[in-house]
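Notes follow once the structure below has been shown.
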Amino acid sequence: MFLIMVCMALVAAGAAIQVAVGAGLSIVCGAALFLWLGTAVGIPVLLLLNLLVSLVATALGGVRLRWGDVALSSGSILLGCAAAAVLPSIPEAALKGITAAVLLLAALPRPTAPVTGFDKGWAGIAGAGIVTGMLTLWTASPGPVTPVALARAGRSGDEVRRVMQPVSCVGYGVALAVAGLPTTSATGAGILWSLITACLAGAGCGFMLRPRIEPGRVVKLIRLIAVAAAALLLLSLRS
């Protein structure tokens, strides 16, 4: 019962952070959900919760977007999902190590890339999208790779968190279509609906939290989330 209550609280907190910042749900609650439900059941559940948060955040906050960034990131994520679907399976330990390395590299502070008329940081955004798509399908925890790439390309914190919502709809939607919807027979109807309720309640809190977080701090918070995610993955390798 204690683990169940912890998972519900983490789902709500993760949803609030994701709406407010642009990333965080999988990182905050993913490990606890996998411990509770197992990875086979936990991955579809986590994908569904992420998709719900992204849909709500897009519907209620999807204005003043850089649609070029949305289109490029979404297309790159689709390509990454396709690549992950056809590549040979990777051992879980190796996958965790690779993911942790990618997250730590993404979290390294770097100067903003110079922006020219022909290159608006799109190469880095496209590469990050491919990595994000692969991680989404493999682990349901893409991490803040694309948000960091957007910031590196000179996008403001407010632009990053707004762009990430529709982009996440694409990534999580495709990954969920491949992985399959979670079934109540696997989780129990009460458990699944309780998780969905906690997720939506947390998303509502995220909208109240968003104006209180200055855009300049968004990227710093995303980098902290990346480091936390990498640390959790590395710790799980020792268990």
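Glycine is no exception: its Cβ is also placed from the backbone N, Cα and C atoms.
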Per TrEMBL record, range annotated transmembrane segment [choices 8-24, 93-109]: 93-109
Interface present between the transmembrane segment (121-140) and the transmembrane segment (221-237) (three or more C-beta pairs under 8 A): no
Leading contact stretch, 93-109, 121-140, 191-209 vs the transmembrane segment (32-60) - CB distance under 8 Å: 191-209
